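Undergrad: The following feature annotations were taken from TrEMBL:
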type	residues	note
TRANSMEM	98-119	transmembrane segment
TRANSMEM	158-179	transmembrane segment
TRANSMEM	241-263	transmembrane segment
TRANSMEM	275-298	transmembrane segment
TRANSMEM	305-323	transmembrane segment
DOMAIN	354-465	domain 'FAD-binding FR-type'
Amino acid sequence: MPLGDDKTRLLFSCTSSKDRGFRRQGAALTSSPTKASSLVTSGIMEHMNHGMPWLDQPVRFHSSRQYTCKLNFTDQCEYQQGYWRFWRESRYEADHRYALPTIAFFMAAIVLFSTGNLVQQASPRRLLHSRPTRKLIALHRYLSYRTLRIEVLNWNSAPLGILLLAAIGIIYFFCMTLAPKPYYWPNTHELNYGNSPPLATRAGRLSLACMPFVFATAGKSNFITLLTGVSHERLQVVHRWISYAFFILALIHTFPFIVYHIWQGDIKEEWDSSVFYWTGVIALLAQAYLTFASFAPLRNWCYEWFKFSHFVAVLVFMLFLLFHCDGTLSSWDYFVATGTLFALSWLHRQTSILFEYGFRHHATLNLAANGFVQVTVPTTTTWTVGQHYFVRFMSMGPHMLTNHPFSACSLPEKRFSGAERETSLVFYIRPRAGFTARLARYTESHPGFKVPVLLDGPYGGVDMRQLESSDRLVVFAGESGAGWVLPFVTAFIRRMEKTDSGHVTPSMRIVFVTRDLATRRWFELALSELLSHREGIRSHLTVEVYYTGYNEEKAPNWVSSVDANLDPEPRADELKGMCGDCKRLDIRPDLRCMVSEEAAALHPSSTLGVFVCGPLDMQNDVANAVAKEQVVALGQEPKNIYLHMEHFSWA
């Protein structure tokens, strides 16, 4: 389909010759509103009568790139067709100049981290323990652990390394958007280089190229995780930031058209006569909702509504953006890429759910002594320390439409002779609001009730090589992270049972912080059950339980009444017998100091593994303390200190 001689039919400004003629007629009829309105209606009906509403006819997957300059002077044509002004060799090239480099930019980052993951997996142990390699690892860990915190907002930044990647992305998009000139064509009322402002064109192409990567980083099962080893929950920060770039570039694409057509004096005619304007506005509004509704306070306020509305908004956005692009150049190729990535991710997940787990699982619901909901699922599947599942409860009314992430608080039993053996997958869920509050109320009135569930997972988890090779383990947890600690203790017990007398005996320190008396007692009893009849292991395990709530003598009445319903407090000697070298302290721990002490006591040839699951301030303190030790390692004999952080909301 040939293009008009003065229209730059590029992304988000593409119009057919039929639409352009329609707009010219509309402009000529502005003095007659009734006639203009009739013309608009007839134009839309003409689109409908051709079978495919809101798309140019005939519908083509790619529009033509042919263009012949009909400006009066050669220098004007050369200016119009400059490399960064979207034309070359008499062909439209905006997608090649801006979209493809953006694809290459994202792919380069994926290849870089995939290579690093491959090298780490394939490198011999001797190479990883050499001094230069350990210094390089220390630098990498510093960038991966160091965070910034705004206390008044209770907000932690992403790690410094991720911030540096974001800065590189900002520089790239800033340069690609604002460095090329001009921003607007030097049009006059006698000379028209085109009706698509160059700034809008390149921003639209850059924005569209972000779309496949927004979806690629959103899925729980995705090729980026497969290649880089970065689990889906840690990719969420990348998903959000690419989405921010996607949205900001869409805004930069939009406003130059408004400015230009206000200058032209035909903004109303454009809105009345071109479907590209209102399809673009609907897509932009849906995209704005997707962006702002994903902010943590709004997302956490009503998670179920967020999930439902997110999917609806995505459908609206994709549909109207598809109409908006109208097959311009290679714009629909990006929809194909996005759809392929999403479909593969979705099919892989659904296949795993149906064929690996099926509909056979039933969960037993009970309330733990501290008010947590204990969900026990008999299963033959396997998982490792720190992994989580998405659980769908099939008899919870509308809540069956959503699944929720919960950390596994148990480990599968050991198998012998490779035979399958049913084991218990246990979750401890702290009631908050929405679904978890309803689940707690239901469990309280129906203890021991069995409900069918669908399991999706496991995802994430601790690097088991680091866990099993660490000579010293330090586990920090707070509040609902109590259940997250239990698999670490189980794994430590099993490791101790396999340790030969000739090898270095590992040791473990657990630091648990809570403001709830019931959770403190429940945690101590849970540890005592795991450590019962294992006298030889207790001497290698230190447990510190910090209570930071009300002083028991000064507690409000409601705390005292809850306390009265609990089992009696064990004495200090009983407590030590229950969970090894167990200490109970009624102070706030200095987590940074603890990490420094552990690092100072570490032998250069030993490995320290630090694991944390708790509130944001706990994560920040531990992460920055470990990052500080990485800086020390760069200037001295490098020490091997590994950190794993589990976001509190996953527990």
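Heads up, the Cβ atoms here are built off N, Cα and C, so glycines get one too.
Whatever TrEMBL says is automated annotation, not expert-curated.
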Undergrad: With the transmembrane segment (98-119) as the reference, which stretch in 158-179, 241-263, 275-298 has the largest tally of C-beta pairs below 8 Å?
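TA: That would be 158-179.
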Undergrad: For the domain 'FAD-binding FR-type' (354-465), report the average pLDDT of the model, please.
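TA: It averages 88.
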Undergrad: So, by DSSP, how many helix, strand and coil residues make up the domain 'FAD-binding FR-type' (354-465)?
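TA: Result for the domain 'FAD-binding FR-type' (354-465), in helix, strand, coil order: 22 helix, 43 strand, 47 coil.
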